[in-house]
Amino acid sequence: RQRVLLWGVLLAAWEAAWGQLRYSVSEEMPKGSFVGDVAKDLGLQLPALRDRGVPVVPEGRTQYFALHEKTGHLVTAERIDREQLCRLMEKCVLRCELIVKGQMQVYRIEVEITDINDNAPSFREAEKDLRLSEKTAPGSRFSLVEAHDPDLGRNSLQSYELSGDEHFSLAVQEGPGGHQRPELVLAKALDREEAAFHELVLRASDGGDPARTGTARIRVTVLDANDNAPVFSQAEYTVRVPEDVPVGSVLVTVTATDTDEGLNGHVKYCFQKILDRDSELLYLDSETGEITVKNDLDFEETSSHELEVQARDGGELSDRAKVVIIVTDVNDNVPKISVRSALNEISEDSPSGTVVALLHVQDRDSGTNGEVRCSLDGDVPFRLEKSLEDYYHVVTARELDREQEPEYNVTVRAVDGGRPALQSSTVLALRVLDVNDNAPVFAQERYSARLWENNAAGALVLRVRATDADWGQNARVRYRLAEGRVRGAPLSSYVSVQAETGALTVGPLDFEEKSKYNFGLGARDGGGLTDNCKVQIDVTDENDNAPEI
């Protein structure tokens, strides 16, 4: 037993490593029922689940499972009916995908829905009327309405019983696919004068514990003789139709003939065996035998329909024929692009190959109609990389430059292989964040100005200007004087610069004291990058000194 447990743990670890988990749960469990401990099996931390969000994406249109954020358990999102989902399939498996957004990771989960005995056998017709001639020979057999139980295995239909009259007995034949066909056998000759009517009860039972049953009442009316049964022109009718065939179109016409005359030779048609869903799609004209489309067919839902048609004359003799309607695919589904996870902003210094989005692309058509090609519109610095069979990563193809392109609207386009092709697109909006990769640059390398001596204190001499191609704080430029001294005093006691505007002002200057000032000026942005320029101020002499003897 320890080896079995160890093997199970190793298998779960192997499957989790490859992004695949498998669980099973019984059908009809209430909403919120436990399916599996996803967090434990994948090694995910519960705080990360709550903070980042881990959506469960269904394979189809209905959300059958959800992730409990507090426990990390996969639970049912609604009550699941295996018979409604899988119908004739022996193994019912629902698939979904777990998207871990923070890791840009996809995990696939398969959940097998196991059967319970939640359906009793039922008859399409709760009452059946048979009209038999009193000359009907003992041993004659008559088809009875069949019961249907959508459960599987022992829970499905197992047996029939007949009660009510010594004139009749029950025989059960095995039809195609192993299903049981009940037949009414005339065990004793009829006598209309003795009994004109016979009341019977047909009971169908499944193998569940406890067993479930369904009943149908059979009323036999004794009539005059009917010598010939209807005969179909062929035992099986097969037809291929496109899924977009218009409602009301005739798909196939079944034909049976009866050589009797009058009421005994008048043939009527009915469905002897048909699934409930097929009965919503197909209509059989009881007089002409035409089978027409009642509602739209859908290849993606059901690619073939198998049914049995009965031809019955006025004396209750009958024949059966099998009808197979094969639905062919039409390119009627547009490729669907789903954004599973995406960034809305990216730094301009992100390396090539950075993932910005995780996309899922699906086309419900089959064959060439379902083959999808994806591409990006325009000349953008991004490319598509395929991850899983129908998942794509959008990644950077080269380095970004915010100064050239501050934002991108990336159009992803999906085109299928149909003729004509169908396509869809989605747009990813991405803003490029600034990095301080540009130093400020002065408009001039050298600035010069001239003013008269004895100027007013704080006189504006000139304005310097430096620009920075970056954004925000990285582009904010401040100015400062270079270190220096004039006649032993700091340069700043003669000249000053306004840090925000670059306005250069001076105090009162004296030509006789100094006629030319040369100094440096620096500009620094918010990220610490700098540039420098040279400034020269020439002082013009005024006649402000009298001659001295």
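Heads up, the Cβ atoms here are built off N, Cα and C, so glycines get one too.
The signal peptide annotation in TrEMBL covers 1-19. Marked as domain 'Cadherin' by TrEMBL: 19-123, 124-232, 233-337, 345-442, 443-549.
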Contact between the domain 'Cadherin' (19-123) and the domain 'Cadherin' (443-549) (at least 3 Cβ pairs under 8 Å, separation 6+): no
Summary of DSSP states over the domain 'Cadherin' (124-232), given as helix, strand and coil counts: 6 helix, 56 strand, 47 coil
Averaged pLDDT, computed only over the residues in the domain 'Cadherin' (443-549): 89
Residues of the domain 'Cadherin' (345-442) by DSSP state, where helix covers H, G and I: 4 helix, 50 strand, 44 coil
